[in-house]
Structure formats: structure tokens, C-alpha cells
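> Just passing along the structure, written as C-alpha cells.
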């Protein structure tokens with residue numbers, strides 16, 4: 001059973017439907033009582049970092065999630081802004097992140113104007129990823145490894161060992177991260193066809 005954290009933000013039904021098609025059971029967790037027995041967690045997120053952190057803090061779930069993830073070592077995957085929330089901070093706002101993976105969320109910026117013009121924000125559309133270390137999360141992807149992205153900020157890991165895969169948008173940046181039981185993906189697997197399905201299945205099978 002996979003528990004999708006429901007703090008009022010994120011396309012939770014899309015993930016539930018994706019797992020339903022894989023015949024994998026999911027449930028929603030919107031209270032500490034519903035989360036306390038979770039075996040795997042999905043932390044979704046859309047929009048701005050500050051708003052997402054505010055919603056999570058106001059939901060009353062943060063302490064429970066910290067206990068599950070940091071103390072009980074429950075596997076968790078953050079998706080899109082859910083991944084960015086796992087950093088310590090973000091240039092997008094002033095809120096403190098969860099800090100589950102040491103890093104900072106930064107806005108794409110380019111010192112060369114020509115490069116900037118070729119890479120408008122948000123980064124929207126299909127892009128290939130490049131695995132840079134072994135991880136079961138990126139097993140069974142096709143040769144092109146293309147995923148759908150929609151974001152203007154990226155996760156800068158303090159430790160390069162936490163980077164599982166990179167994508168390039170003017171420069172290489174971390175698009176899949178992992179530290180112990182904590183995983184994060186910047187792309188939208190629910191919009192990424194068979195590669196997205198493979199990635200979601202891989203997390204379920206960790």
C-alpha cells in the first residue's frame with residue numbers, strides 16, 4: 001500500500017489513477033492518524049515553494065512526516081514541487097524546507113543572454129534524463145528516457161552523491177535525487193507515458 005500525502009495541494013488523483021492501472025493499492029493520508037501506518041509515501045506538490053510549505057505546515061502533518069521519514073525510515077518520493085520541498089530552502093521564497101536532503105532550490109539563470117533566450121522559463125515539455133548512478137528507481141526505462149517537465153526552479157544538491165539522474169536545460173541539473181530512504185523526481189511521471197509508469201512502478205517495488 002502506498003500512501004499519498006494529502007495536504008490540500010497536488011494532483012493526487014492522477015497518481016492514484018496511475019497506480020490503479022498498475023493494480024497497486026494506494027490510499028490518501030490527510031491526518032497523522034491516517035499516515036502513522038504508512039509503508040511508502042508520495043509527497044506531491046505544484047505551484048510555488050512557499051505556498052506548498054505553508055499548506056503542509058498548516059495541515060499539521062509535518063511532525064508526523066518527519067518522524068516517519070527520518071526516524072522510521074519509511075520510503076518517500078517527492079514529485080515536482082514535492083521534491084523541492086525536501087531541500088533546506090528555496091530561492092523562490094523564505095520558508096524553510098523539510099531538509100530531508102541537503103540542498104537548495106535555485107531558479108534557472110544564465111550568464112549568457114543567447115543561452116537564456118534559448119531556454120525560456122518555465123522549462124516546459126519533454127526532455128531526456130541521464131542516470132549518473134545506479135538506482136532501482138531508473139530501471140526499465142526506454143533508451144531515450146524522456147519525461148515531461150514543467151518548472152522554473154531546480155534542486156541543487158549539496159552532495160553530488162545524492163544525484164541519481166540529470167537533465168539539461170542550458171546546463172546539467174539534478175532531476176532525480178536520493179538520500180537513504182528519501183527520493184525526489186522533478187518531472188511529472190503521471191504525464192510521462194510508459195517511462196513515467198515504469199518510474200512509479202519502480203518506487204512501489206523498492
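Glycine residues also receive a Cβ, built from the backbone N, Cα and C atoms like all the rest.
These came from TrEMBL, pasted as-is:
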- 80: active site, nucleophile (ACT_SITE)
- 188: active site (ACT_SITE)
- 190: active site (ACT_SITE)
- 4-203: domain 'Glutamine amidotransferase' (DOMAIN)
> Return the count of C-beta atoms lying within 10 angstroms of the C-beta of residue 188 (active site), excluding that atom itself.
18
> How many Å separate the Cα atoms of residue 80 (active site, nucleophile) and residue 190 (active site)?
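With distance taken Cα to Cα, residue 190 (active site) is 11 Å from residue 80 (active site, nucleophile).
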> For the active-site residues 80, 190, which one has the sparsest Cβ surroundings, going by other Cβ atoms within 10 Å?
190
> Through the lens of DSSP with three states only, how would you label residue 188 (active site)?
coil
> Per-residue pLDDT averaged over the domain 'Glutamine amidotransferase' (4-203) comes to what?
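Averaged over the domain 'Glutamine amidotransferase' (4-203), the predicted model reaches a pLDDT of 96.
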> Would you identify the secondary structure of the residue listed as 'active site, nucleophile' according to DSSP, in three states?
coil
